[in-house]
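Here is the structure we will look at, set down as structure tokens.
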Amino acid sequence: MSVEKGLLIVLSGPSGVGKGTVRKAIFDHPNTNFKYSISMTTRDARFGEADGVDYFFKTKEEFEALIEQDKFIEYAQYVGNYYGTPVDYVKETIDNGNDIFLEIEVQGAKQVREKFPDALFIFLSPPGLKALHDRLIKRGTDSDEVINRRISKAKDELKLMNLYDYVVVNEDVDEARRRIQCIVEAEHMRRDRVENKLRQILEVF
Ligand SMILES: Nc1ncnc2c1ncn2[C@@H]1O[C@H](COP(=O)(O)OP(=O)(O)OP(=O)(O)O)[C@@H](O)[C@H]1O
Ligand SMILES: Nc1nc2c(ncn2[C@@H]2O[C@H](COP(=O)(O)O)[C@@H](O)[C@H]2O)c(=O)[nH]1
């Protein structure tokens with residue numbers, strides 16, 4: 001009997017909205033069984049970030065060689081750096097029946113939609129642009145110039161939220177965590193119902 005494929009869950013949204021914070025809350029929660037896809041990037045590691053934990057840090061040349069070798073499900077250039085999702089771990093995880101969680105920006109999410117139309121797409125939105133700006137400043141990881149570029153990008157990214165299956169507003173981290181877990185659970189139930197229905201219909205013959 002073939003193993004049922006795992007769910008590919010894509011969490012996207014503008015920089016500073018709290019994707020990483022909400023993702024950590026999800027993974028720290030006892031009910032979580034997802035795997036996490038660690039991205040590759042050419043940006044410098046921030047204070048406290050570790051290679052192979054937060055990202056796989058690569059040089060531009062290494063990243064471009066991996067693009068040539070078709071080693072990404074998706075990749076994008078964001079504020080002067082490459083970011084991408086390595087293909088092997090994602091495929092292996094879903095083929096083994098496990099759910100996998102991607103935390104990526106919107107251009108990458110669009111590419112995933114083209115390759116994996118069955119994936120579940122969730123957009124994390126800030127309560128407002130002022131809150132987003134405040135969060136980027138409070139995080140203290142980027143210069144004013146980079147923050148302004150991220151906010152300018154966010155204005156375009158927010159316009160794409162209607163392309164997602166669900167939008168979750170991150171007012172409160174624990175509430176956003178709970179909503180995302182409910183969405184994933186409901187999606188599993190929906191898929192199981194469709195699968196069972198199909199089985200029943202096919203049994204008639
Ligand atoms: N609900 C919230 N209310 C207030 N502050 C928040 C909330 N969620 C996250 N934050 C804060 O906002 C800042 C940005 O969060 P985080 O780094 O998780 O964003 P991100 O979307 O992952 O950013 P990036 O895409 O740049 O990696 C952090 O300082 C975090 O503590
Ligand atoms: N398209 C992709 N976007 C990614 C990936 N990993 C992270 N990201 C997004 O990039 C921006 C900037 O991240 P930062 O760590 O420099 O703040 C942010 O929106 C991330 O979600 C990826 O593999 N592909």
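Just so you know, glycine gets a Cβ as well, placed from its N, Cα and C.
All TrEMBL annotations are machine predictions without curation.
Under the heading ATP binding site, TrEMBL lists Gly13, Pro14, Ser15, Gly16, Val17, Gly18, Lys19, Gly20. Around the Cβ of Lys19 (ATP binding site), the number of neighbouring Cβ atoms within 10 Å comes to 20.
According to TrEMBL, the domain 'Guanylate kinase-like' annotation covers 6-185.
Here the binding-site residues are Gly13, Pro14, Gly16, and the one with the most other Cβ atoms within 10 Å of its Cβ is Gly13. For the recorded site, Gly20 (ATP binding site), the DSSP three-state label reads helix.
In the three-state DSSP assignment, the secondary structure recorded for Ser15 (ATP binding site) is coil. Note on the binding-site residues Gly18, Gly20: the fewest other CB atoms within 10 A surround the CB of Gly20. Taking a Cβ distance under 6 Å to any atom of ligand 2 as the criterion, the binding-site residues Gly13, Pro14, Ser15, Val17, Gly18, Gly20 reduce to Ser15.
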